[in-house]
Amino acid sequence: MLYIKAPAKINLTLDVLYKRPDNYHEVEMVMTTVDLADRIGLELRKDGKIAISSSSGIVPEDERNLAYQAAMLLKNTYQIEEGATIYIEKEIPVAAGLAGGSSDAAATLRGLNKLWNLNLSIDTLAELGAKIGSDVPFCVYGGTALATGRGEKIQHLPAPPTCWVILAKPKLGVSTAKIYEGLNLESIEHPNTKQMIQALEEKDYSLMCKSLGNVLETVTCSVYPEVGFIKEHMLRFGVDAALMSGSGPTVFGFVKSESRLNRVYNGLKGFCEEVYAVRMLGKRNSLA
Ligand SMILES: C[C@@](CO)(OP(=O)(O)O)[C@H](O)COP(=O)(O)OP(=O)(O)OC[C@H]1O[C@@H](n2ccc(N)nc2=O)[C@H](O)[C@@H]1O
Ligand SMILES: Nc1ncnc2c1ncn2[C@@H]1O[C@H](COP(=O)(O)OP(=O)(O)O)[C@@H](O)[C@H]1O
């Protein structure tokens, strides 16, 4: 069995520039991977079938699964006769703004590239990934990047300064499409993407904290007040900065010291079931 790690992402910034004629939004986002990851196991099948099984209980195990779509895309594009059984050990909360499905699809592309001896470059895998979802190309590369277009154009950036990341997910799932739809383009408060990039280049922790911003946050908070409630409490318990990731509902916060990490973690655990304390990953994925 071949195992591939599929890490979650967080959005350090998420800006929307305009709505495109194809109904996607033109975005500008700084994204980075964190050490909260699904594990994808891949096994060769001689019968040509793609089969999915998952530890989650809630993600679909058929053609709706993004890992299944990734496998079929590779199989059809390169006329592969072999198949694969794909085991998904789910650690990343589902529909949480952490790109769990996209990361599973990206890991499947990287893994099957090896299992089926395709020798495709990472850029080719990222290009294919864009056909599955806007976040898949970033997840193919991992690390830290500026994503533009509908999210599929990737420019690599330096890793963020080291710190702890606390993630808290209220008990609800969010539809990304609905949140983008709810955005009022006239009243957007744009984050300072350039300043965030400068913070990464200079490894300036406090500038990174100051530059966090996500235009979807107010939309999700107005539909789900729990998200704002969690963010408020995270800040009150002592994180240096906090923000909702992607379309939500997960909120992340940064701290430097382990003692503060414990205080925030324990405080949040009092009323939120799903809380994680992880490190940024920093490093980009290599080919499997
Ligand atoms: C908001 C973000 C931020 O990283 O992440 P999540 O909250 O999903 O993790 C992404 O833009 C989500 O990317 P992803 O989840 O891959 O989206 P897709 O499957 O491509 O699109 C789902 C739907 O979201 C809307 N969408 C997505 C991307 C984009 N740039 N503009 C959009 O309007 C469209 O309505 C689309 O039909
Ligand atoms: N491998 C997968 N893991 C998680 N969700 C998946 C997967 N494949 C398809 N999905 C579907 O994709 C939707 C979004 O899930 P996910 O990628 O976890 O969230 P987000 O887009 O908020 O980051 C869910 O409704 C889920 O049913």
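Heads up, the Cβ atoms here are built off N, Cα and C, so glycines get one too.
These features come from TrEMBL:
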- K9: active site (ACT_SITE)
- 65-143: domain 'GHMP kinase N-terminal' (DOMAIN)
- P93, V94, A95, A96, G97, L98, A99, G100, G101, S102, S103: ATP binding site (BINDING)
- D135: active site (ACT_SITE)
- 196-272: domain 'GHMP kinase C-terminal' (DOMAIN)
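TrEMBL feature annotations superimposed on the structure.
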residue	record	DSSP class
K9	active site	strand
P93	ATP binding site	coil
A99	ATP binding site	coil
D135	active site	coil
Alpha-carbon distance [A95 (ATP binding site); D135 (active site)] in Å: 13
CB within-chain contacts under 8 A for A99 (ATP binding site), separation at least 6: A8, K9, I92, D135, F138, C139, G246
Environment of P93, V94, A95, A96, G97, L98, A99, G100, G101, S102, S103, the listed ATP site - residues of the same chain whose CB lies within 8 A of the CB centroid: A8, I92
Of K9, P93, S103, D135, recorded positions neighbouring ligand 2, Cβ under 6 A: none
Candidate with sparsest Cβ neighbourhood (10 Å radius) among P93, G101, the listed binding-site residues: P93
Those binding-site residues listed as A95, S103, and which of them has the most Cβ atoms within 10 Å of its own Cβ: S103
Contacting recorded positions for ligand 1, chosen from G101, S103, D135 when the Cβ sits under 6 angstroms of any of its atoms: D135
Set of same-chain residues at least 6 away whose C-beta sits under 8 angstroms from G97 (ATP binding site): N11, V174, M244, S245, G246, S247, G248, P249, T250
